[in-house]
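> Just dropping this structure here.
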Amino acid sequence: MASTLSRQLRRFRAKLLQRYEHRPFVSCLSGLYSCQWRRRERNNAEPGDCCCNKLEGASFALLAAAFCLTLVFLYFWVQAKNDYNDFDWFNFGSLGFWFPWSVVLLVVAAGFFTYITVLTLLAVCLLSEGQKLYLHWSHKIGILVSLMFSIAATAILSDLWSEEWTTLLLSFQITAPFLHVGGVLLMTALAWPVALHFFRMNSRVKRGLILGVYLTVLSALYLVPLGFYSSCIKEEGTLGPAPALIGHRGAPMLAPENTLMSFEKAVEAGSDGLETDVTISFDGVPFLMHDQTLRRTTNIHEVFPNRTNTPAAMFTWNELESLNAGSWFFSHNPFGTANSLGAEDRRRAGNQSVCSLKTFLQLAAQTNKLVIFDLYRPPMGHPYQDTWINRTLEVIQSTIWSSQVLWLPSDLRYLVQELDPELQQTSGSRLPLEELQSQNIVKLNLHYSSMSARLISEYAAANITTNLYVISQPWLYSLAWCAGVHSVATNCPQLLRTMSSPLFLMSPADYKLMWIFADLLSLLLICFILFFHRWREGGLAFYSGNKVTQDNSTYSKFKTEMSDIWSVSSANSQHEKTANLATVTEH
């Protein structure tokens with residue numbers, strides 16, 4: 001019985017100490033990584049050798065840098081999805097034609113990241129098998145191209161669209177707990193190749209360098225949550241009501257923006273308010289138009305081809321009514337939702353015209369919705385260049401209760417309050433509290449990058465509510481909800497209305513449990529991996545009474561030891577066979 005147990009222990013130890021060479025698997029990895037599919041006689045690193053020469057080491061460092069940069073850019077661009085529409089229209093104004101550049105950039109970024117990730121996984125798997133790295137020159141060129149793309153795209157977007165970095169920082173309040181867990185899992189998986197090569201290296205400098213870098217990164221990752229803050233980590237019962245929804249130019253995903261149909265769709269989707277932009281026509285009719293010209297959202301190039309760059313305010317109302325303000329919605333398909341409309345909606349959307357302020361306010365009055373709008377002053381030479389505010393107030397007072405209007409324009413605010421004190425004065429700037437109170441401001445209308453739970457709470461204590469624009473992604477709406485925002489302007493009220501609670505909402509206790517459990521589990525696994533490799537590479541005794549001396553050649557020791565073990569095992573097996581044969585012969 002004791003001898004059988006001893007043999008089983010020997011066999012188990014032999015299997016643990018044995019280096020399995022998965023030649024087909026390694027050949028496949030080497031073929032993909034180095035583009036050389038013929039088998040090498042000896043491609044693995046010898047004991048004490050580095051995993052690669054200096055050139056290949058530099059290539060691997062470049063690969064690691066490319067992985068980090070492509071990951072950062074892809075994450076940045078995915079989180080910027082809330083503003084893709086603004087990005088595409090910015091390019092339309094610069095280039096003069098429409099194209100979904102945001103989607104193209106996303107696809108290219110995802111392609112480069114996938115390519116770099118595959119190469120990185122191949123390199124890590126090869127290192128885990130104790131193989132040397134030989135990166136093919138074509139992959140080296142691909143890495144450089146990916147790296148240059150990520151750097152160039154990041155630099156250009158930082159210069160032209162620097163506010164998107166604020167979006168990136170806000171996104172961490174939602175994703176950081178899960179990014180932390182993912183990073184811990186990644187570093188735990190890297191412990192295997194790191195431990196393998198650490199215990200095989202003879203140079204103490206190299207060993208100290210590889211272990212020092214790994215432990216530094218790991219320790220920083222473990223401690224990152226100490227400096228983390230998220231408004232969505234709250235005690236149960238402290239979450240306020242969901243922010244009210246204000247349809248930004250209506251419901252522009254379901255109908256052409258700033259048209260009557262768009263606002264009707266916003267009302268149907270459950271919007272609490274409606275947002276728009278107002279311009280005064282040449283003959284004094286306030287109408288809805290966001291841009292300074294009519295090029296983007298009308299067919300002016302067909303009706304008035306010689307006036308495509310003329311300011312919208314320089315057209316009479318009759319001329320504006322002759323334009324089609326809906327057909328562009330299908331040719332440009334700005335949100336990719338035009339094809340989802342039914343036949344009747346497609347017919348209506350394609351026949352929309354420029355909407356007047358009076359028609360817009362009549363809809364708001366009938367449905368009891370709040371309204372907020374930007375008011376553009378007409379250009380020089382316009383008949384209403386100095387009386388544009390009075391003309392707008394005349395339309396408001398004859399159409400809707402003034403208390404339903406959030407008056408946003410800052411021009412001549414004191415005069416407006418004298419003419420119509422029932423208007424809800426709204427500021428588009430984050431001014432000092434004393435100044436806001438002196439102007440009788442009751443609401444702030446700010447870009448979502450200004451989101452701050454502390455400031456929102458301070459303003460709310462002074463009876464000043466906050467509206468953020470433009471929030472269309474569920475994660476941003478969740479963050480606004482947790483921060484205590486009172487309302488948001490959105491392009492997709494039909495989507496946000498369906499949310500019953502914020503995404504990723506958790507209590508501080510749940511977050512600490514997730515954080516500490518992930519760190520402790522990772523630490524235990526890494527310690528086990530390090531001890532296992534130290535035991536296997538050093539040939540430590542698995543059972544008492546078997547003392548093994550160190551040798552400069554780990555492989556020769558393994559070879560001798562393994563031969564002895566398997567010789568004993570073969571002899572025992574042969575003895576059993578002989579005994580069995582004798583028994584059969586005797587019978």
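Cβ from N, Cα, C; glycine included.
Small disclaimer: the values here were computed from a predicted structure and weren't measured.
For reference, TrEMBL lists these features for the protein:
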type     : residues : note
TRANSMEM : 60-78    : transmembrane segment
TRANSMEM : 98-127   : transmembrane segment
TRANSMEM : 139-158  : transmembrane segment
TRANSMEM : 178-199  : transmembrane segment
TRANSMEM : 211-229  : transmembrane segment
DOMAIN   : 243-500  : domain 'GP-PDE'
TRANSMEM : 513-532  : transmembrane segment
> With Cβ distances under 8 Å as the criterion, find the stretch in 60-78, 98-127, 139-158, 513-532 that has the most pairs with the transmembrane segment (178-199).
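It is 513-532, which has the most Cβ pairs under 8 Å.
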> For the transmembrane segment (98-127), could you work out the same-chain residues 6 or more beyond its ends whose Cβ comes under 8 Å from its Cβ atoms?
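Answer is 26, 29-30, 32-33, 51, 60, 63-64, 66-67, 70-71, 73-74, 77-78, 81, 84-85, 87-88, 91-92, 133, 135, 139, 142-143, 145-146, 149-150, 153, 189-190, 193, 196-197, 331-332, 334, 336.
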> Summarise the model confidence on the domain 'GP-PDE' (243-500) as a single mean pLDDT, whole number.
95
